[in-house]
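A.B. asks: I am attaching a structure below and will ask some questions about it afterwards.
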Amino acid sequence: MNQAALILIKPDGLKKSLTGNILTRLSETKLEIVAAKMVRVSKELAEEHYRHLKDRPFFGEIIKYLRGELHNRKKVMALIYWGEEAIKKCRQLAGATNPEEADPTSIRGSYGRITTSGVYENVIHVSSDGPDAEREIKLWFQPDEIIVELYPCKEVIDKEKKRKVWA
Ligand code: UDP
Ligand code: MG
């Protein structure tokens, strides 16, 4: 079954110049990249992304982490991988959440670490299942930014909206 997975290269991955390595590893999946962009992560976006963890003691720290406040890199790279069993394939290459428990040859096992304050800095995010991927993709991307129609959408005329165009 074809499915989509949201991948985020987190601020530690960017700070460590791992973008190329991570994309090379993910290319082993033979999946198709159907969207990619750099994002400056607002507090609202980070809190919505991690809303399932809002009652955990580390919530505040992972919001700062995703926003780049722990690495002085205020951005993430967001991508959508699409194809057969995309989530399973990407999560397998990513490895376990805790980088010390992750397979040492996985992305997180190779490049992740646990900070002195206990945050798992694990360089990438991968959606955990189909519904999660749909929720996350709709949060991070607009339909026009994705080169295939992943989910049903509708057309609206939005003339009032202020936006930038090339001068
Ligand atoms: N995290 C952490 N400590 C924990 C659990 C999670 O620092 O005990 C961080 C870690 O960066 C992880 C993120 O919170 O990637 C989201 O947690 P989740 O359980 O969704 O793990 P994931 O889906 O990223 O493997
Ligand atoms: Mg998760």
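Positions of Cβ are set from backbone N, Cα and C atoms, glycine also.
Okay, so TrEMBL annotates it like this:
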- 2-148: domain 'Nucleoside diphosphate kinase-like' (DOMAIN)
- Lys10, Phe58, Arg91, Thr97, Arg108, Asn122: ATP binding site (BINDING)
- His125: active site, pros-phosphohistidine intermediate (ACT_SITE)
A.B. asks: Measuring Cα to Cα, how far is His125 (active site, pros-phosphohistidine intermediate) from Lys10 (ATP binding site) in Å?
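C.D. replies: So the Cα of Lys10 (ATP binding site) lies 7 Å away from that of His125 (active site, pros-phosphohistidine intermediate).
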A.B. asks: Summarise the domain 'Nucleoside diphosphate kinase-like' (2-148) as counts of helix, strand and coil residues per DSSP.
C.D. replies: 60 helix, 32 strand, 55 coil
A.B. asks: Could you check the binding-site residues Thr97, Asn122 and say which one's CB has the most other CB atoms within 10 Å?
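C.D. replies: It comes out as Asn122.
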A.B. asks: Out of Lys10, Arg91, Arg108, His125, which of these recorded positions shows the lowest number of other CB atoms within 10 Å of its CB?
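C.D. replies: Among the recorded positions Lys10, Arg91, Arg108, His125, the sparsest Cβ neighbourhood within 10 Å belongs to Arg91.
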A.B. asks: Around the Cβ of Phe58 (ATP binding site), how many other Cβ atoms lie within 10 Å? Please give the count over every shown protein chain.
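C.D. replies: If we count other Cβ atoms within 10 Å of Phe58 (ATP binding site), we arrive at 14.
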A.B. asks: For ligand 1, pick out the binding-site residues Lys10, Phe58, Arg91, Asn122 that have a CB under 6 angstroms away from one of its atoms.
C.D. replies: Phe58, Asn122
A.B. asks: Please give the ATP site's span as the largest CA-CA distance among Lys10, Phe58, Arg91, Thr97, Arg108, Asn122, to the nearest whole angstrom.
C.D. replies: 22
